[in-house]
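S.K.: In case it's useful when we look at the structure, here is the feature table from TrEMBL:
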DOMAIN    10-58  domain 'Galactokinase N-terminal'
SITE      Arg28  site 'Transition state stabilizer'
BINDING   Glu34, His35, Thr36, Asp37, Tyr222  substrate binding site
DOMAIN    93-181  domain 'GHMP kinase N-terminal'
BINDING   Gly123, Ala124, Gly125, Leu126, Ser127, Ser128, Ser129  ATP binding site
BINDING   Ser129, Glu161  Mg(2+) binding site
ACT_SITE  Asp173  active site, proton acceptor
DOMAIN    277-351  domain 'GHMP kinase C-terminal'
Amino acid sequence: MTDLALIETKFEQFFNAQPQVMVHSPGRVNLIGEHTDYNEGFVFPAAINFGTWVAGSKTDDNQVHAVAMDYDDQTNQFAIDNIETDNSTPWANYIRGVYKVLKEAYPQVGGAKLVITGNVPQGAGLSSSASFEVAILKAFRDLYQLDLDGVQAALLGQKAENTFVGCSCGIMDQLISAMGQEGKAMLLDCLSLDMQHITVPESLSIMIINSNVKRGLVDSEYNQRREQCEEAARLMGINSLREADMALLESNRIVLSEVVYRRAKHVITENQRTLDMYHALSKGDIQNVSKLMAESHASMREDFEITVNEIDYLVNIVSDVLSQQGGVRMTGGGFGGCVVALIPKELEHTITEVVESAYFDHTGYRPSIYICSATGGAFA
Ligand code: GAF
């Protein structure tokens, strides 16, 4: 049975009727531009062919009833006029948070029956949560015929995560999940929300290697990085690090702690690398792609300090095989998760073999390797 058939069957089993809507929203891989989004900078992600499916129908009982297929069919129910966090079922807080901010913006939204499933590896830095949020928003848009576009949906998803779930994330993940285009990566200006989509060259595969290192303390480390960036901007007298360049940073070095200086340096240099990467990929300048991704990884390792040894090792072994015929770096928020590599198609097999034979021996973790394609977003 396909995923769609499975979710439909599950819906019928729980709610004795066919779902009125069936929606999907993708996860994402970020090619470059890490921790730049909440600094009003640039990011360069692509939506991927892993995502979340939601089957839904309206109800008139002022309740939301949800079933999570990926959590052994756990259920969760809440009244739409009294929404609080539920620590016993953390997955449901994404629905609760999204519903709460949606209801504030669209008071006409009522109850729903929902069944959810997905195949984005969780906690791997591939935006399983943004994909979940955007899928829920799309289901409610379709059920209640809301005038809600992809950018508005992304902003609501981010708001839910910031105010309800407790992660001070930026806008990248929700926006690419909503607005990605098939076969393309998206340069996003996180200040203006201007989007430019460019085709990923046919000759390159997007390979994602999951280190399978369980990410610990992600939210607290993430929120701390954001605070450090905001402190840097405040001490330099600017609104966000988007406004800074290296000359401004150097002239303010004396007022910044050594750690805050390095955090800001990562963001300032990463913004420039992201713009450069967009141009390099547009021109098919793979040597430059390779250099920029290597510099991005080094900056995340040395200045932003969000990589772990297993991820650094993966980047090193893939980079040795590639020798500038492609690029590789950690992708996502950090502290474990995945590496993304843009590789010539003919090296897929060799890199898979190298990673499978070396990574386990070196780290004790089994890698998971996915060859992905860039897909369309939920609202595109
Ligand atoms: C996470 C966040 F959700 C994004 O907003 C972004 O900051 C990313 O980490 C790091 O680039 O995915």
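Every residue, even glycine, has its Cβ placed from backbone N, Cα and C.
Buried or exposed, and what's around them? Tell me for each listed feature.
M.R.: Mean pLDDT across the domain 'Galactokinase N-terminal' (10-58) comes to 98 in this model.
According to DSSP, Arg28 (site 'Transition state stabilizer') is assigned to a strand segment.
Annotation for Glu34 (substrate binding site): same-chain Cβ neighbours under 8 Å, separated by at least 6 residues, are Val43, Glu270, Ser296, Met300, Phe304, Ile306, Met330, Thr331, Gly332, Gly333, Gly334.
Non-local contacts of Gly123 (ATP binding site) by the CB criterion (under 8 A, 6+ apart in sequence, same chain) comprise Lys214, Arg215, Val218, Gly336, Gly337.
Its Cβ placed at the centre, Ser129 (ATP binding site) has 25 other Cβ atoms within 10 Å.
In the three-state DSSP classification, Asp173 (active site, proton acceptor) falls within a helix. Under a cutoff of 8 A between CB atoms, and with a sequence separation of 6+ in the same chain, the neighbours of Asp173 (active site, proton acceptor) are Arg28, Pro45, Ser127, Ser129, Ala130, Ser131.
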S.K.: Could you state the CA-to-CA distance between Gly125 (ATP binding site) and Tyr222 (substrate binding site) to the nearest Å?
M.R.: 12
S.K.: Please list, in sequence order, those recorded positions from Glu34, His35, Leu126, Asp173 with the Cβ less than 6 Å from ligand 1.
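M.R.: Once distances to ligand 1 are taken from each Cβ, Glu34, His35, Asp173 fall under 6 Å.
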S.K.: Sequence gap of 6 or more, Cβ distance under 8 Å: name the residues on the same chain that satisfy this around Tyr222 (substrate binding site), in order along the sequence.
M.R.: Cys167, Ser168, Cys169, Gly333, Gly334
S.K.: What is the interatomic distance between the Cα atoms of Asp37 (substrate binding site) and Leu126 (ATP binding site), given in whole Å?
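M.R.: With distance taken Cα to Cα, Leu126 (ATP binding site) is 15 Å from Asp37 (substrate binding site).
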